[in-house]
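Read the structure below first, then the notes.
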Amino acid sequence: MSVLDAWQQRLDDARTDRQRQHRWRTRQALARDTLDFAGNDYLGLAHDPRVSEAQAEGARRFGAGAGASHLVSGHLDVHDALEEALASWTGRQRALLFSTGYMANIGVLQALADSHTAIFQDRLNHASLLDGATLSGARSRRYHHRNMNDLENLLKRSDSVHKLVISDGVFSMDGHIADIGALVTVSQRHNAWLMIDDAHGVGILGDEGSGCVGSTWRSDDVPVLVGTLGKALGTAGAFVAGDAALIDHLIQFSRSYIYTTAQPPAIANATLKALEIVQQEPEHRAHLNANIAYFRHEALHLGLSLSDSSTPIQPLILADESRTLRWAAQLREQGIHVGAIRPPTVPKGEARLRITLSARHQHEDIDRLLAALHDCQQQESL
Ligand code: PMP
């Protein structure tokens, strides 16, 4: 079989496989009054007219795109202003913008780790962290989810001089929050650097929404902090925050920072507005937290098997893949969009509906979701 035939075979298999991934046409569906419980726009800022207007105004002032990479001529004042605002928000000396969170993680790991480095990651870390570790050429170990004893044992057995411990701040498919204090203690005990990817925590947790690390933990404790802008902040892109020496190092050595077009300045302008709202209007976080509490209370009352999460990510573990697809399809028929998450994104036997809450949701939206979930339960008992 030629290489092309082999690829064609894989494509054919994927077409006939009921389990293949779908790209739902959300926009089209939204026109039909679909309720979105699948996205990461936790504070509703992607739809805030002030943020959209800042983006439009940014495009008028700076153009539609940056036109070049940061180190050539694509880095504008608005990028500087955003980097300064992000650094001060998270209590760090400096911050550096990346075009996406995926690129930030790849770029940080490639710049900080090499074959002399040992990387220790939580098993449930995001794919970009796993890929970044692989691409860096470092030796990688994965510890059991949030299990500090396991991490400690792996660190004890390592003879590497350079050690890097990495964890998601909020786990994207489970909603659990990492125990940052414990990670700091264990990392320091073994002379390891600590990197936290707080993609799902920034905007939501901590003082002024600065995340689960943010202003609570200093850069001596968590030297490498990554946050993304496409989730609670409602725009796109990512940042790394830390000491000036770290940021200077990344500017010189992080290939996914150097060799790519800078974030569109209009996006930077919109993000500055989103950040101002996050810092000055705690009511969006309060409304989101009330929604989370309401949903959990009612869902547990229905006997639904929610995972133990206090964040907007509320997975409903259904275990079986076809059952998960069936429930998601049934919800979609009722105009409700949730994520149907299956292996390899989550471990085998842990397929789930990834339900996410937002400050955009009203009680009646959540009631509609709960009623539809109840219908799914009832259909199964028929
Ligand atoms: N880190 C985590 C924990 C994520 O969940 C994601 C995306 N879902 C990323 C990084 C990547 O961010 P981006 O979408 O900006 O590439």
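Using N, Cα and C of the backbone, Cβ positions are placed for all residues, glycine too.
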Co-listed pyridoxal 5'-phosphate-binding residue [TrEMBL; alongside GLY101, TYR102, HIS200, THR228] among SER73, SER172, SER215, SER254: SER172
Cβ-Cβ neighbours of HIS126 (substrate binding site) (radius 10 Å): 24
Pyridoxal 5'-phosphate site, defined by GLY101, TYR102, SER172, HIS200, THR228: further same-chain residues with Cβ within 8 Å of the Cβ centre: ASN40, HIS126, SER128, ASP197, ALA199, GLY230, LYS231, ALA238
Closest of GLY101, SER172, HIS200 to HIS126 (substrate binding site), Cα positions, binding-site residues only: SER172
Pyridoxal 5'-phosphate binding residues GLY101, TYR102, SER172, HIS200, THR228: largest Cα-Cα distance, in Å and rounded to whole number: 13
Of the recorded positions listed as GLY101, SER172, HIS200, THR228, LYS231, the one whose CA lies nearest the CA of THR345 (substrate binding site): SER172
